[in-house]
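Encoded as structure tokens, the structure appears first; notes follow it.
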Amino acid sequence: MFSGLMSMFAQPLYLLLQVAALIIALVLHELSHAVVALNCGDTTAKDAGRITLNPLAHLDPFGSVILPLLCMVMGGGAVAFAKPVPYNPFNLKHRKRDEVLVALAGPASNLLQALVAAILLGICVAFGTAFGWQDTTAGQAFIYFMGSYLVINISLMLFNLIPLPPLDGSAIIFPLLNKKAQAIYYTVQSSALPILLIVIYLMPSVLHIDLIGSYIQGVGGVVIDQLLRLASVIQDLIQPLLMGGR
């Protein structure tokens, strides 16, 4: 653990880039919830000042700072969450459908952000190779940022799809449950966060079973691999054009 901490702080630039990527991903994630809720007829998030790019309106001290920092120190992936966006389901135009749409908006935004990162990564590498700035400090920093941004967004998407409060996965499945299942859900809800923390920390350290890590690395690895393939295809398409024009 301490060796991971020392190596992480030995490269402060890369740490800052990871933090910046995480903050942007979280802010756009929460903003997406708020915008979709507004478009579905509920102004609660807008009235609470959540339709903004200001990170202070969205970040949660534990979920956005302490939890991801602990994960980075322990060598894990980006596990984080921000303050849940408030909304009133009774204000939604089509309540059952719109509750699912509002919940899906956050993870969907992370997938879209990762897709944009893959496209920009391919363009960046193509330009860097063609014009020789890929090996400069600025070029390496930009490529590292885009790579980190891609991985962080996929990690956040998969983590937030876990069906436990306060994560989006629970809000996605709740409207689809029957009344009996919803009653069970309410019973579990109060202890969901401690359960989540036990699964994240105690099970890997005590039982050496990392369910969430295996899930994110397994599924995320497949998604990230496909996005990197896309970046490579974009690079292969653009780079010959740039080299030919020199």
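Note: Cβ is positioned from N, Cα and C throughout, glycine not excepted.
Features of the protein shown, as given by TrEMBL:
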- 19-121: domain 'Peptidase M50' (DOMAIN)
- 61-81: transmembrane segment (TRANSMEM)
- 101-129: transmembrane segment (TRANSMEM)
- 137-189: domain 'Peptidase M50' (DOMAIN)
- 141-162: transmembrane segment (TRANSMEM)
- 183-203: transmembrane segment (TRANSMEM)
- line: Residues outside the transmembrane segment (141-162) whose C-beta sits under 8 Å from one of its C-beta atoms, at least 6 past its ends, are 13-14, 17-18, 20-22, 24-26, 29, 77-81, 106-107, 110-111, 113-114, 117-118, 120-121, 124-125, 128, 134, 168-169, 172, 196, 212, 215-216, 219-220, 223-224, 227-228
- prompt: If you run through the domain 'Peptidase M50' (19-121) with DSSP, how many residues end up as helix, strand and coil?
  reply: 71 helix, 0 strand, 32 coil
- prompt: What mean pLDDT score does the domain 'Peptidase M50' (19-121) have in the model?
  reply: 90
